[in-house]
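This report refers to the structure that appears directly beneath it.
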Amino acid sequence: MSSTRRENLFLIGFMGAGKTTVGKVLAEKLGWCFMDLDQVIEQRSEKRISEIFAEQGERFFRDMESQVLSEVSTNAHTVVATGGGVIGREKNRHLMRNTGIVVFLDVPWKQLLERIEEGQGRPLAEGEDAMQRLTSLFEQRLPLYRMADLVIDCSGQSPQDLAEGIVSRLNETKLFLN
Ligand SMILES: Nc1ncnc2c1ncn2[C@@H]1O[C@H](COP(=O)(O)OP(=O)(O)OP(=O)(O)O)[C@@H](O)[C@H]1O
Ligand SMILES: O=C(O)C1=C[C@@H](O)[C@@H](O)[C@H](O)C1
Ligand SMILES: [Mg+2]
């Protein structure tokens, strides 16, 4: 299905913000499809993201991420959980804004760090200099995340609460054309 209207919903935010978790609940609530860019990349390449970073490098991963995003953007009524770094490229930001509503899951830094420490498979959170890298990425990216159509304060809210809150905000702001 092809569309140049804003008919999708893109969840953006830092690693561990809950894009994948909240995205699934939200898609179910809306009766929409759900897609996760990281998962599509892993399925397509038949590799884990950490392997792509290690074997082909970040640039290769970013090119693949942009390619998958541009394909997914032609959908309609799809909730897209993006990767934490998708907002790094201007063309990705434009594409999301032109084909959907962009929603930033704003999670306090301390909580993000706790979730990142608990999880695995995030190559940018690995290695001795991980903390320094994460801090600097977060500082660079925060202004880009904040350019979203909706900024959702996620403190202390369950994925279910967040999905409900996002649906209410979308209805209030009448961001969708249909
Ligand atoms: N609102 C929430 N309340 C409590 N825990 C949450 C919430 N949202 C997500 N989590 C938990 O935080 C962890 C990270 O969530 P998730 O994988 O959805 O983040 P993500 O934004 O998709 O991260 P990545 O950018 O690495 O793909 C998971 O263990 C998930 O269960
Ligand atoms: O924040 C990032 O740059 C990333 C986040 C993950 O979702 C993956 O897309 C990958 O590990 C890179
Ligand atoms: Mg995810």
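Residue numbers in this text run from 1 along the chain shown.
Every residue gets a Cβ built from N, Cα and C, even glycine.
Lifted from TrEMBL, the feature list:
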BINDING   GLY16, ALA17, GLY18, LYS19, THR20, THR21, ARG122, GLN157  ATP binding site
BINDING   THR20  Mg(2+) binding site
BINDING   ASP38, ARG62, GLY84, ARG141  substrate binding site
Checklist entry - binding-site residues ASP38, ARG62, GLY84, ARG141: which have a Cα within 10 Å of LYS19 (ATP binding site)? => result GLY84
Item to check | Cα-Cα distance, maximum over GLY16, ALA17, GLY18, LYS19, THR20, THR21, ARG122, GLN157, record's ATP binders, Å | outcome: 24
Next on the checklist: Nearest by CA distance to GLN157 (ATP binding site): which of the binding-site residues is it, out of ASP38, ARG62, GLY84, ARG141?
Outcome noted: GLY84
Item to check | binding-site residues whose CB lies under 6 angstroms from ligand 1, from ALA17, LYS19, THR20, ARG62, ARG141 | outcome: ALA17, LYS19, THR20
Next on the checklist: If you pair up every Cα among ASP38, ARG62, GLY84, ARG141, the residues annotated as binding substrate, what's the maximum separation in angstrom, rounded to an integer?
Outcome noted: 18
Checklist outcome for this item: One should report the C-alpha separation between ARG122 (ATP binding site) and ARG141 (substrate binding site), rounded to whole angstrom, as 17
Checklist entry - Between ALA17 (ATP binding site) and ARG141 (substrate binding site), what is the CA-CA distance rounded to a whole number of Å? => result 13
